[in-house]
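K.L.:
Once you've had a glance at the structure underneath, I'll fire off some questions.
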Amino acid sequence: MFFPVVFFIPFVLGAPTQKALEKILVDNNPDSVTNREKIRGIIDKAFENRVPRVQGRQGVAPPVTFAALNYGPKNNQTKKFEELNQDINEYTFESDIMLNEKQAKHIATAIENGNYRSKRQAIVDTTNFWSVSVPIFYQFDTKLSATNIANVRKAIQFWNDNSCLSFKEDNNAKNRLFLSSAGGCWSYVGKQVDMPYQMVSVGPNCDTFGTATHELMHAIGFWHQQSRADRDNYVYVDFSNIIPSQAYNFQKMAVDQAQLLNLPYDYGSVMQYYPYAFAVDSSKYTILAKENGFQNSMGQREAPAFSDIIGVNKLYNCTSQCKIQMKCSNCGITDSRNCNQCKCPRYFTGASCDSLPSGTAPNCNGAVLQATSSWETFDAKAGDPSSFSSSTDNSTNCYWHIKAPEGQQIEFKMTKTPLAAICMQECPWQSIEVNLGKFDLFGMITCCDTILNQVFTSELNMIALRGIIRYNQLTFSIQYRAVPSSKPASTNACLNQ
């Protein structure tokens, strides 16, 4: 049975509430207790009013085909920011977002009315947009360590290099980002024009590259991937395993609160929730991918996906910086920082995205493999077999392409791998990313031998593989062949074009 009271938090500052506010409203934060309480009340009241409409949704078991997927034991080695933010969850939306009053009211209206109709994932209020002609100014909290600052600088540089937005350090500029060591990992969404500066909390445990780029993407103007109105077509949200008082964190975004970018859903977006977020039983998923093979892609914090880069470039119309658009292969886009070259998905390099990256892993035997009508076999390897040190934050890569003649597709399977010994959810040590041709989206991540001898078919006439190595050496064997295409000749696998 579902009880309405779980969504209402009394406005009395007890010890947990006081602790949460102390973490958020540190000395430098221009926000206030009054404002945070007001915004919390707006969301709480909306869910209190909506309760009769959601009865019956709780406790529904996920379809057996989704629940039975085997991705190995859960990875409990690193804490996710959904866990790091437990102490402040009552004042955040979707775990790491600080809403302003206008955003809270829009979301509250959607909560009460069930108003979802579009594929939206970025801000629509132009007052929350940053200018492409003026830098986004930022300042580092003096409480951040040199290591914290160095890590966050890499994330800032990433968005500077991969969009038409520019960033500049200035401790006195108006409307600057204040990169803080406040408790937890969080940010406001978009530019907060009513604040002299806005905080982005990226202190210890929140300064990894993936998490820092995630929080900066909020500040740039993006919501979470699973907030999209069309998310139920791609993921199953198991409300029966979600802490009732945290169910509001799975709210789909209001149609008038987010920008329509016509982007496909990407399981590997850096803005996608961790699949155990807010679980009652932390050994069971709260979010399950409906597409086979993509469960391990969700919640990745290695780096932004190429679709995230495309999203930021679309939101700020970065293509307008170039008078002539490049003809890019393999889902690449014109680089707004250099209009004479393409910006490529990670599986490709070169001025027009048609070359194989050299890879960063030692002993990488990356290659372009030509498929014929007969099954061919290839033994792949990358990494140092004598290395037994590991880092889950830094990985090396090796790439392989499989190509068939134009007008044909590729059948592909993995036939041999020692992955059983390292099979674990999220694949923290070694993994293989398989992209069947939607190169502007993140691929399937696997590190378990359950994938062996499953036959996959490419979208068109190319498959890209990426070996991800954080420990020792990755080895695996594959088989592949070319087959007649079942798709029209005009098919374009690039979903963003």
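One-based numbering along the chain as shown.
Cβ atoms here come from the backbone N, Cα and C positions, even for glycine.
The signal peptide annotation in Swiss-Prot covers 1-14. Swiss-Prot lists Asn76, Asn317, Asn394 with the feature N-linked glycosylation site. As annotated by Swiss-Prot, domain 'Peptidase M12A' applies to 121-319, with the evidence given as sequence analysis. Positions annotated as disulfide bond by Swiss-Prot: Cys164-Cys318, Cys185-Cys206, Cys328-Cys339, Cys331-Cys342, Cys344-Cys353, Cys364-Cys398, Cys427-Cys447. Under the heading active site, Swiss-Prot lists Glu215. Positions annotated as domain 'EGF-like' by Swiss-Prot: 324-354. Sequence annotations record features per position, and here Swiss-Prot assigns domain 'CUB' to 364-483.
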K.L.:
Roughly how many Å lie between the Cα atoms of Asn76 (N-linked glycosylation site) and Cys427 (disulfide bond), rounded to a whole value?
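P.N.:
Here the two Cα atoms are 11 Å apart.
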K.L.:
Can you count the other CB atoms that lie within 10 A of the CB of Cys342 (disulfide bond)?
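P.N.:
So the number of other Cβ atoms within 10 Å of Cys342 (disulfide bond) is 24.
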K.L.:
According to DSSP, collapsed to three classes, what secondary structure does Cys164 (disulfide bond) have?
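P.N.:
It is coil.
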K.L.:
Please state whether DSSP places Asn317 (N-linked glycosylation site) in a helix, a strand or coil.
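P.N.:
Its secondary structure by DSSP: coil.
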K.L.:
Could you check which of these disulfide-bonded residues, Cys328, Cys331, Cys398, sit within 10 Å of Cys344 (disulfide bond), going Cα to Cα?
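P.N.:
So the list reads Cys328, Cys331.
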K.L.:
What subset of the recorded positions Asn317, Cys353, Cys364, Cys427, Cys447 lies within 10 angstroms of Cys164 (disulfide bond) at the C-alpha level?
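P.N.:
Close recorded positions: Asn317.
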K.L.:
10 Å Cβ neighbour count around Asn76 (N-linked glycosylation site)?
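P.N.:
Its Cβ has 10 other Cβ atoms within 10 Å.
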K.L.:
What Cα-Cα separation, expressed in whole Å, is found between Asn317 (N-linked glycosylation site) and Cys427 (disulfide bond)?
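P.N.:
Asn317 (N-linked glycosylation site) and Cys427 (disulfide bond) have their Cα atoms 35 Å apart.
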K.L.:
Do any of Cys328, Cys331, Cys342, Cys398, Cys427 (disulfide-bonded residues) have a CA within 10 A of Cys353 (disulfide bond), and if so which?
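P.N.:
Of everything listed, what lies within 10 Å of Cys353 (disulfide bond) (Cα to Cα) is Cys328, Cys331, Cys342.
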K.L.:
At the Cα level, what's the spacing in Å between Cys342 (disulfide bond) and Cys328 (disulfide bond), rounded?
P.N.:
6
K.L.:
Count the residues of the domain 'EGF-like' (324-354) that DSSP assigns to helix (H, G, I), to strand (E, B) and to coil, and report the three numbers in that order.
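P.N.:
Tallying H, G and I as helix, E and B as strand, the rest coil: 0 helix, 5 strand, 26 coil.
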